[in-house]
Amino acid sequence: MTANTALILTLLTPLLGAVLIGLTGRWPNLRETITMVTALSLFALVIRVLIGLNAGEDIGVELFEVMSGVGIAFNTEPLSILFAMIASGLWVVTSVYAFGYMRGTNEINQTRFYVCFALALFGAMGVAFSANLLTLFIFYEVLTISTYPLVTHKGDAKAKAGGRTYLGILMTTSIVFLLPAIIWVYAVAGTLDFVPGGILEGNLAAGSATILLLLFLFGVAKAAVMPVHKWLPAAMVAPTPVSALLHAVAVVKAGVFTLTKVVIYIFGTDYLASVPYESIAVYMAGFTVIAASCIALRQTNIKRLLAYSTIGQLSYIVMATMALAPFSEIGAAIHIAAHAFGKITLFFTAGAIYVASKKTEVTQLNGIGWRMPYTMAAFAIGALSMIGVPPTAGFVSKWFIIAGAFQLDNYFVLVVLILSTALNAAYFLPIIFNAFFKPEDVKLKDHGEAPPSMVIALCVTASLTLLFFFFNGPVLDLETQLVGGMP
Amino acid sequence: MLMHLPVLVVLAPLLAAPIVALMRGATWPWLLSTLVSWFALLCAVLLLIQVQAEGVIIYTMGGWEAPWGIEYRIDFANALLLVLITGLASVVMPYARLSVEQEVGAERSPMFYAALLLLSLGLCGMTATGDAFNVFVFLEISSLATYTLIAMGRDRRALTASFSYLVMGTIGGTFYLIGIGLLYVMTGTLNMADLAERLPAISDSSTVRTGFAFIVTGICLKLALFPLHLWLPNAYTYSPSAVTALLGATATKVAVYILIRFVFTIFGPEYSFGAEPLAEVLIPLAVIGLLSASTVSIGQPNIKRMLAYSSVAQIGYIVLGIAMGTAMGLTAALLHVFNHGLMKGALFMTLGAVMYRMGGTNLSDMQGLAKTMPLTFWAFVIGGLSLIGVPLTVGFVSKWHLILAAIELGWWPVVIVILAGSMLAVVYVGRVVEAGFFGEARDPTRREAPASLLIPVWILIFANIYFGIDTRLTVDIAEAAAAQLMAGGVVR
């Protein structure tokens, strides 16, 4: 199989999986087997593309032309393969987790759930491998629409309200800001292809470029830079596997991934550095980091706390990308991976706690560490990664982002990072402390760990968070290609 | 026979209509009408191919050369529109059988099909002809057929809807006729090509200006430009479903085409946008219409009426494209004429299927549709996404070109208006989708609509997706048509 075939199959596999899952809805075991097989084969295919990329194969497929000069086309580069690896790899783990969660909570409409999940992965793969902005936009919308039934899964008034906010913000911003931004690029550059070094230089007046940048920054609401972040807490009404894979990994990373792609391949870092007031994007993201952490401090619901933590962490990536130093671009790319491992672990533990004990609030977690030792140990690892303490994944990326800040003498970034570390510690450490060292308040219900499939899944992602600290060499090598080698 | 194609599109239904009217029962009139509309579609497709291969086709009626005789003149713009009209008629006819049986009744069926044929032939005639007075004749044929068809609606309010459209439509037709009369006085010809040649010499005469104003106003009444749209919501709401589908998809589009023909071919873009303040008049009306009609449609309890208001809004997009006066804007307008025909046809037919099973098209009838009538529901969802302009649907393609045209001119406020319109569409489509998806079905035992309704619906839904992905055909033709039209005058 050539890498190009594999590339096309990464899109067809989840689509075919969705159809088969839909057809086998009446037999839950068969349905879940198909989900698993689809997830595994998707991961294998992405690895095949990675091998092709590393071997220097010429990878690129154009399916058909939609507008003159722009078609539906796919290719790959270091950033996209990283995103695809994370999304497809963690889908395997999440599927294992979801089987336990969905059965453990007796959810309704499970077939629809798995179908939409597969479709969301189809969207994520399309976003990852798109070779131009039009293709990216199409799959970006696929991702939005396919996750709407997942967010509103419960179907009650709260879920509907959450779904409305979710779809409302994501759709509005993508149509009102992102789409005109894309058409504007097309109007001035005549192309939408992702080209290293960008396509805008010399095509756009300096002042217009600032507006265009802001259109992208707020048009890609999936990156959740304030004030277009509200959809993410709203999406927390979804079942936890959705929050874990989609709203900590696939959907939100599609957002920051899009922004990074736009910075590197549409504007080009050199051109963007010459755009006046470019640093406004850095300040916006920096503000989001601090503001989201402050809001997270005051949250009592575990999932909402994690959502605000995600908003802050996403803006790390945006801030690093927009800082435009070579090290910070690398840091941004690595943080896509590092945050994914840590945050999915945290969501897995939140879901495990819910399934085992029906607890949803931070204040209820006193002493739970001894009932659910694996879960809470994993929580601790995930939380440490959020803070950025070695030996966890979060430390690696933070290292590069700080190195980038020093490269440019950008002390704003530095101060934001230090403050945010302190705030993260302030809302995560007490939870860990209380879980292990405070006595249980009231004996509500005797419980142990969640079902084994969930515990296995969260142990796997927690180990990944640790392992990434020690074995990040291949990822680093790959991502340094983004800035043309280690600076 | 190939050389007679331009007239066959019109003649075949014209000959069939009286025969259909004389038939008995429901089946035979239906069968004959369906076959005739398929034949007309075949002619239209062949015409389009011929235009692509050979350029403009000129057909002299009965061999009488213009200006003594009437000539038909087919170029890219009207060839595309003929395919749209006959294509829509070809899916509506098979669809009509069950829906008409229920909504109109068997004994009135022959008359119904005859009127439907007359409607579609009237629209084709207006499109194909190269004679300004002939346009009026076909306009009246299609209008009279429309009044009859609307009045056949089950709801008694259909009668008043029909009557008010009759009054408004007649005023529009009369205005048009007065305008033509004034031009005839000045030029001595009714042939479009001759008019285009003779008008520049006398363009500063006030009679010509008056004629221009009468014609544009008259046509704008027929194409339901805000604030001349008041006849439309009732007419669409109370007509039988099959009629709404055909009317909503094609009738106003043909009026748009006539407007384009007069503005660009006959008067020429320099006159229309230079000597006359056409852009200054049309743009505010289009913008207000677009935003107000979209807003009004959000609150409609009847989904058919909601889509009717949405049609008024979509006309706003098209008129915006025309009013830009550039090749890009015109391309966008022509694309949206075709694409909006596809989406509205599909949506109104979907509502017809709901009507057939649920007996109404109110929001309450849509509750829980995802479970009781999944195929109908998903057809509505895809049609709705197309209306919003989501990628991979036709709505995206036309909106893309419209925004591109606005950016090209640097009209940023217009870009914002277009996007705001899309957002309002998200709200009014979303409302229905939410009801269908989460609502509790009033009667969970209702079944999916029969195949003879669903197949035509899904053919159109498929077209919505197909032309959203493979845009070569539509965009290329629209671009070629816009280039022809922008050249002004008539291509010999």
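A Cβ is built for glycine as well, from the same backbone N, Cα and C atoms used for every other residue.
Your range for transmembrane segment, going by TrEMBL and the list B:2-20, B:135-153, is B:135-153. Proximity of distant same-chain residues to the transmembrane segment (B:281-303), defined by a Cβ-Cβ separation under 8 Å and at least 6 residues beyond the stretch ends, is recorded for 225-227, 229, 237, 309-310, 312-313, 315-317, 319-320, 322-323, 351, 354, 361-364, 366, 414, 417-418, 420-421, 424-425, 427-428, 431-432. Contact between the transmembrane segment (B:409-429) and the transmembrane segment (B:315-338) is supported by 3 or more Cβ pairs under 8 Å, counting only residues 6 or more apart in sequence. Only residues 6 or more beyond the boundaries of the transmembrane segment (B:135-153), in the same chain, are considered here, and those with a CB under 8 A from a CB of the stretch are 10, 103-104, 108, 111-112, 115-116, 118-119, 121-126, 129, 159, 161-162, 165-166, 169-170, 173, 176-177, 180, 222, 235, 238-240, 243, 247, 251, 254, 258. Most Cβ pairs within less than 8 Å of the transmembrane segment (B:211-232), among stretches B:110-128, B:165-190, B:449-469, belong to B:165-190. The stretches the transmembrane segment (B:375-397) and the transmembrane segment (B:238-260) do not meet in space: the count of Cβ pairs below 8 angstroms, excluding pairs fewer than 6 apart in sequence, stays at fewer than three. Between the transmembrane segment (B:110-128) and the transmembrane segment (B:238-260), three or more CB pairs separated by 6 or more residues in sequence fall under 8 Å, so the two stretches touch. Among the listed stretches B:165-190, B:238-260, B:449-469, the one sharing the most Cβ pairs under 8 Å with the transmembrane segment (B:79-98) is B:238-260. Residues 91-92, 94-95, 97-99, 338-339, 342-343, 345-346, 349-350, 352-354, 356-357, 373, 375-376, 379, 382-383, 386, 391-397 of the same chain lie 6+ residues outside the transmembrane segment (B:449-469) yet bring a C-beta within less than 8 angstroms of a C-beta in it.
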